[in-house]
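As annotated by Swiss-Prot, transmembrane segment applies to 1-21, 84-104, 117-137, 157-179, with the evidence given as sequence analysis.
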Amino acid sequence: MIQTAFTALLLLAIGYLLGAIPSGYLAGRWLKGIDLRDCGSGSTGATNVLRNVGKGPALVVFLIDVGKGALAVLLAKSVGLNDWLQVLTGLAALAGHIWPVWLGWKGGKAVATGLGIFLGLAWPVGLACFGLFMAVISIFRIVSLSSVVAAIGLPLLMLLSGSSSAYVVVSLVASLMVLWRHRSNIERLLAGTEPKIGAKAKG
């Protein structure tokens, strides 16, 4: 029991630290000498990297952020943690990405890391959400709209997949976290002022 509790706490800490790896911030600093927290949307995620650093760095940041989430839950699975502890490890990674200790608790909007988490937990659901994201972005070319639609679809897809209650609950929590992080984007979407891909405005 003590060993299991220690392992769980260790994985939660590792999950948070993985999520807190500031890939977007480092891309801005190393490649352009800028602090992404002071640029565009203020997010350190791939979308803000795309707008302020470039396409190549944005793709690398996206892949790293996906990897952070996937690695966290795969580590939890590899040591035999139950479903609830797996999802808590995933949420720890999500929290690390949104509130990284290294950057004054100001990070990304959790979309890429969230995708990684659900690819690790239930890859068919993760792929379905990514497909939904890509379908919306190909039509409207608005990243935030695609993120919001995918976030709303996530718990529904998880429920329909017949996954465990732990996975369904974490999908709902993650969805709400992503929507909360996109609240200003949602306001602009409703106002019709949210920028499309390629724009330099806030996003």
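Here the Cβ of each residue, glycine as well, is placed from N, Cα and C on the backbone.
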Top partner of the transmembrane segment (84-104) among 1-21, 117-137, 157-179 - counted as Cβ pairs under 8 Å:
1-21
Within-chain partners of the transmembrane segment (1-21) [C-beta distance under 8 Å, separation at least 6 from its ends]:
64, 68-69, 71-73, 75-76, 79, 81, 85, 88-102, 107, 113
